[in-house]
């Protein structure tokens with residue numbers, strides 16, 4: 001506790017909480033001229049797909065606040081640019097080989113993309129709520145679209161500030177907050193459904209038992225590692241470094257990002273249906289809605305793809321092999337260079353398969369629980385939200401512990417020179 005209070009963590013945590021509260025306050029500041037109650041009732045009555053998306057965004061769609069778009073435009077932009085890095089070598093070089101300046105330029109491109117997505121989604125949302133607008137005209141459309149776009153950009157800035165505080169990824173923390181905000185209503189709906197069925201004493205233990213076991217499995221897999229022993233050259237062995245050195249690879253190294261990317265793409269048909277009520281688009285949206293015909297196979301396929309893609313995007317085997325060679329490190333029984341790169345590639349491929357199997361089972365869990373209990377509140381919550389909650393919580397906890405450790409060695413230059421003996 002002393003280490004915690006004497007560090008910069010209290011100030012950082014306070015700043016994080018204030019920013020997260022601000023991100024939720026903007027959800028309750030409405031855009032003008034819309035009958036929000038009628039629109040919210042329409043989502044609950046016939047718009048099940050949009051109701052699901054509304055849950056994922058923490059209720060921001062039904063409230064029609066200035067932060068209604070959430071962080072979705074930035075997520076969409078990130079997906080596009082991450083895919084483009086594997087197509088255009090210049091973008092990949094900009095992101096990975098040109099240092100901090102290159103990464104900042106790449107992030108700036110992502111911001112421009114987020115702005116474009118925000119404009120399109122803002123106009124689409126305003127056109128969709130047209131039947132609920134008291135006086136719809138071009139002026140209202142431009143004004144409301146500008147307000148929603150500005151809200152999305154403010155959330156983007158909040159996310160970047162959260163990331164700079166080094167207590168977690170800003171985008172993940174914002175999504176985490178949205179999910180937490182919907183927890184009370186989700187549990188209330190669960191209790192209500194169980195009481196209506198008349199067998200709450202039987203159904204609720206199964207439901208919450210599945211919830212607990214799923215959480216336990218997520219924590220276990222998130223913390224699992226494949227440790228590859230390392231040998232160092234003679235100059236490192238004097239300190240006994242070689243005896244305890246290993247190269248750790250997580251079983252689910254992609255973390256929550258495959259779930260976030262897959263959820264965003266699954267919500268895309270519903271987003272399109274908001275301002276283009278085409279029967280084909282509406283049919284596709286209903287098919288990938290939880291409980292729909294294509295939801296499970298499409299969700300699993302997207303998760304597997306993004307898990308494999310993001311794993312190798314984060315860890316380039318050739319770069320890892322070159323870095324080990326420069327450090328004088330090698331894997332026992334594997335020659336440095338191309339052989340090491342091939343070995344790491346095979347390890348990552350096997351780990352990505354294990355991670356995909358785990359995420360696939362996680363996506364199937366809500367369907368199994370719903371079939372046993374008849375409760376539908378576990379649908380989107382287990383397959384997407386629960387992994388995000390656990391992943392963000394464990395990542396933030398790990399970074400808080402690192403900050404506490406680093407605070408013990410955090411000495412300013414003035415204090416350092418003040419303690420030095422004077423000549």
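Cβ atoms here come from the backbone N, Cα and C positions, even for glycine.
Taken from TrEMBL, the feature transmembrane segment covers 64-91, 112-132, 138-158, 170-188, 200-221, 251-272, 292-310, 351-369, 375-394.
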Would you mind listing the long-range same-chain contacts of the transmembrane segment (112-132), meaning Cβ under 8 Å and 6+ residues beyond its ends? 34-36, 38-39, 42, 61, 64, 68-69, 72-74, 76-77, 80-81, 140-141, 144-146, 148-149, 152-153, 156, 271-272, 274-276
Can you tell me which recorded stretch out of 64-91, 251-272, 351-369 has the most Cβ pairs within less than 8 Å of the transmembrane segment (200-221)? 351-369
What residues elsewhere in the chain lie close to the transmembrane segment (251-272), defined as a C-beta under 8 angstroms and at least 6 residues from its ends? 49-50, 52-53, 56, 72, 75-76, 79, 121, 124, 171-172, 175, 221-222, 224-226, 281, 284-285, 288-289, 295, 298-299, 302-303, 306-307, 310-311, 314-315, 348, 351-352, 354-355, 358-359, 383-384, 387-388, 391-392, 395
